[in-house]
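Undergrad: Below: one structure in structure tokens.
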Amino acid sequence: MTSNEEAIAARIKELRESIAYHNHRYYDLDQPEITDAEYDALVQELMRLEEQYPQFKSTESVINQVGGQVNPAMGVVSFSPPVLSLNNVHNADELHEFYNRVGQMLAEDTPKFTCELKIDGLSVVIRYHEGQLVQAATRGDGLSGEDVTQNVRMIRSIPQILHQPVSFEIRGEVYMPRSAFMALNAKREEEGQSVFANPRNAAAGSLRQLDPAVTASRELSAFFYQIRQWTQDSQFSSQITTQHQALEFLRTVGLPVEPHFAYCESFDEIMDYVQKWDSKRQTLDYDTDGLVIKLDDLSKQAILGETQKAPRWAVAYKFPPEEVLTEVLAIEISVGRTGVLTPTAILKPVHVAGTTVSRASLHNEDIIRERDVRVGDFVFIRKAGEIIPEVVRVEKTLRPPHTVPFEFPKTCPACGSDVVRLPGEAAYRCTGGMACPAQLREALIHFASRDAMDIEGMGEKTVDLLLNAGLIKRVDDIYRLKEEDLLKLPRFGKLSAKKLAQSIEQSKSRSLSRLIFALGMRYVGQRVASLLASHFGTMERLEAATYEDLLAIPDVGERIADSVVTFLSQPLNKEVIANLKSLGLKMIDDTISGDQDGSQKVLSGQSIVVTGSFVQMPRKNLEAWIAQLGGKVASSVSSRTAMVIAGDKPGSKLEKAKELQVPILSEQEFYERMANLGIRYSQ
Ligand SMILES: NC(=O)c1ccc[n+]([C@@H]2O[C@H](COP(=O)([O-])OP(=O)(O)OC[C@H]3O[C@@H](n4cnc5c(N)ncnc54)[C@H](O)[C@@H]3O)[C@@H](O)[C@H]2O)c1
Ligand SMILES: [Zn+2]
């Protein structure tokens, strides 16, 4: 080999590996790392090199393969004949070449075509038997796909039973409407989950699920465009001789068919269709990445046949992706209603895919870092999934001097509280909770809800009225509301104002456990709230608790401990709690101030080991008292032991406790701790 040939061979190898890697990201994981245009450029370069240097050509080459791997856990469906892909053209010249080639092969001057929109979703093959849906599969690698029958049954627009008892195997595209995609991503962003790159990936990720319930929870639709084969002869099969008849037939039997297909009798008509849809497709609620031009006559299709990868009788005309260059004027951080911080690039306005764009999502810190987007940079903007503008990449050659890497803020732009990034999440969150104006509405609704402070009459609607009237700026303002204020609210009469004022007043005596839950600390649900209330007994002690104190409680892990300590150390949160206290809310656990039955279960749920001999009371009395306070007396020390009470001559249990870092209290310390909670021994 010459050195030039060696370099070519190396480049071909590199391209094949890179394409195989991106195929895997795209088809198997539904998580592409590069845009389709970037991917297509790799494929084109490889095809060109293989053309030019046929000595390096291989039938095994990635460009002859269809799709990705099949996940065997989903069940495998095999196809005969194989389910193929399409060859692409990118401009009018290439399309004309295709048109001429078909004409030549058929020895015909004006072959007729059906033009369709190319839906950007994922390909499915569905079998109907006598009108009943019996099986559905993804395209997979073209020879076999994943069995998604149960998942497809969850898609409302795909009928289980057709209007006619036909038996056939058809092909279509499952997609996620743009509106559903935007709503899904907005929700995922709010929840701190990763977002889907585009509707195609969202559709694929939603359909390729082991649990059909996940598919059911996502809004998916489908369009069908091909009768692959008839599996039983019927009067219909012989009547359908063209592609446009096939589409009409699919529609007649009740299947969804994309309505904008056109029968074209000349190349000019095809070009009219191309021009019309180049921009008009942006008005649809589904993504289209091109058009498909198909020889209309089915018997002529059979004459042309197919190659290993694609039919010779059809071609995909791909629209150029619109990417435009613009300047980043600022990076803005907004706070969502659950406290998630979302970065947005503020752009010098540009025209992309039919609209003017002046903002683009940067999703989260990792993405900003990975793409190294800076204020002052020139960036390429693209409509991801053709709809949400996204910063694709930075044009580094145009970077002005003195730009600095973007620093994610350490505090919330809405309230100034610290922000945290929780393990496993992509998003930062404000820890200001009920003190953060961005989160106030949610915080109020949660605070007043039935399981929290149970303020009757203060549901979502009332919360909105109160906020609109400017009566509440912070959670503690609830307890400053007067009946006269409430009377001013729209639709509030004397009676309803009085009732709401009463239920607010009544809520002051809710248990400490409810109050802790009502504060809305992350990871502190009802169960953990009640655990904290009974363990600490008072709000004051909870506020004073360290991370280690919290971790020492059985069932409290690092996540909870961290969340509680961070929340309670925010000055604004402290202020709200102090105000709630002075406004008369109960800050002591019920069980300590004494329930009706007099029981004071401050130790409930705790496993306690008693060792050694005791001075102030016999050991068995101490043990009985612990049990009476709800504790469980255990005989050996483990990592789940809440504390060890050590008397004289404690023995090996003490060593074990030290080793496991279990808190050790002397007899005296234990009595003092109880006394602090207002509990004295009485038998
Ligand atoms: N970004 C990446 O990393 C990456 C990786 C691999 C592939 N890709 C992209 O995937 C595409 C290649 O995938 P492909 O092999 O599925 O081919 P394709 O998407 O280019 O075309 C074939 C597909 O079009 C679909 N289709 C939609 N409407 C149709 C209609 N009316 N008639 C017929 N078919 C219709 C069918 O599902 C068929 O499988 C390229 O656009 C490529 O850029 C991207
Ligand atoms: Zn905040």
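In case you wondered, yes, glycine gets a Cβ from its N, Cα and C as well.
Note that the structure is a prediction, hence the values are computed from the model and not measured.
So TrEMBL says this about it:
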type     : residues                                                        : note
BINDING  : D36, A37, E38, Y39, D40, S85, L86, E116, R139, E173, K294, K318 : NAD(+) binding site
ACT_SITE : K118                                                            : active site, N6-AMP-lysine intermediate
BINDING  : C412, C415, C436                                                : Zn(2+) binding site
DOMAIN   : 598-672                                                         : domain 'BRCT'
Undergrad: Name the one residue among E38, D40, K118 whose Cα is closest in three-dimensional space to that of C415 (Zn(2+) binding site); these are the recorded positions.
TA: E38
Undergrad: Check the Cα-Cα distances from K294 (NAD(+) binding site) to the recorded positions K118, C412, C436 and tell me which is shortest.
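TA: The smallest Cα gap between K294 (NAD(+) binding site) and any of the recorded positions is with K118.
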Undergrad: Including all protein chains displayed, how many Cβ atoms other than that of D36 (NAD(+) binding site) lie within 10 Å of its Cβ?
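TA: Around the Cβ of D36 (NAD(+) binding site), 16 other Cβ atoms lie within 10 Å.
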Undergrad: If you count other C-beta atoms within 10 angstroms, which of the binding-site residues L86, C415, C436 is the most crowded?
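TA: Sorting the candidates by Cβ neighbours within 10 Å, the top entry is C436.
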Undergrad: Of the binding-site residues D36, E38, D40, L86, which ones put their CB under 6 Å from ligand 2?
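TA: Those binding-site residues that pass the cut-off are none, since no Cβ is under 6 Å from ligand 2.
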Undergrad: Near ligand 1, meaning Cβ under 6 Å from any of its atoms: which of the recorded positions D36, D40, L86, K118, C412 fit that description?
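TA: Once distances to ligand 1 are taken from each Cβ, D36, D40, L86, K118 fall under 6 Å.
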Undergrad: If H, G and I count as helix, E and B as strand, and all else as coil, what does DSSP give for K294 (NAD(+) binding site)?
TA: strand
Undergrad: For E38 (NAD(+) binding site) and K118 (active site, N6-AMP-lysine intermediate), determine the Cα separation and express it in whole Å.
TA: 19
Undergrad: Could you state the CA-to-CA distance between D40 (NAD(+) binding site) and C436 (Zn(2+) binding site) to the nearest Å?
TA: 46
Undergrad: To the nearest whole angstrom, state the Cα distance for the pair C412 (Zn(2+) binding site) and R139 (NAD(+) binding site).
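TA: Spelling it out, the Cα of C412 (Zn(2+) binding site) and the Cα of R139 (NAD(+) binding site) are 46 Å apart.
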Undergrad: Spatially speaking, which of the binding-site residues D36, L86, R139, C436 is closest to K118 (active site, N6-AMP-lysine intermediate)? Use C-alpha to C-alpha, please.
TA: L86
Undergrad: Neighbourhood of the Zn(2+) site (C412, C415, C436): other residues with Cβ within 8 Å of the Cβ centroid, in order?
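TA: Not counting the recorded site residues, we get V335, G339, T411, P413, A414, G416, S417, C430, G432, A435, P437, A438, Q439, L572.
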Undergrad: In three-state terms from DSSP, label L86 (NAD(+) binding site) for me.
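TA: DSSP assigns L86 (NAD(+) binding site) to coil.
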Undergrad: Hey, how far is R139 (NAD(+) binding site) from C436 (Zn(2+) binding site), Cα to Cα, in Å?
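TA: Between the alpha carbons of R139 (NAD(+) binding site) and C436 (Zn(2+) binding site) there are 48 Å.
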